[in-house]
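J.: To start, I am sharing the structure in question, which I have written as structure tokens.
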């Protein structure tokens, strides 16, 4: 790592989001991973999808090896100005209504309203067929 620590704004880092110019923010540090794009085992799409945001969770979720973590040092270019990083939004799953057993009889009634007339019609056709005089 370089001794003069450069502090970069989130806006500046987020501009570098292309295959030939790719910077990532991981654990408050900025890495220029452009030279590593072709060599990344997950492909360049994985790296590109982590641009323009704090990629710490993306990086940690994969479970990188110690070797991979050591490799990061050569791509380090500075630190992120934490005040310029937008607050992360936590995902809140939509609430699903609880299963209501009272609706099950309604479903059965709807099925019966459909099937009973068909059965009556079928029975009428069978009776007519067998009682018809030749």
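Counting starts with 1 at the first residue shown.
Any Cβ shown, glycine's included, is placed from N, Cα and C.
Residues or ranges marked as heme binding site by Swiss-Prot on the basis of sequence analysis: 40, 64. Taken from Swiss-Prot, the feature domain 'Cytochrome b5 heme-binding' covers 5-81. What Swiss-Prot lists as transmembrane segment is 107-127, and the listing cites sequence analysis.
Relative to the rest of the structure, where do these features sit?
T.: All protein chains considered, the CB of residue 40 (heme binding site) has 14 other CB atoms within 10 Å. In the three-state DSSP classification, residue 40 (heme binding site) falls within coil.
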J.: As a test of reading the model: what is the averaged pLDDT for the domain 'Cytochrome b5 heme-binding' (5-81)?
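T.: For the domain 'Cytochrome b5 heme-binding' (5-81), the model's average pLDDT rounds to 89.
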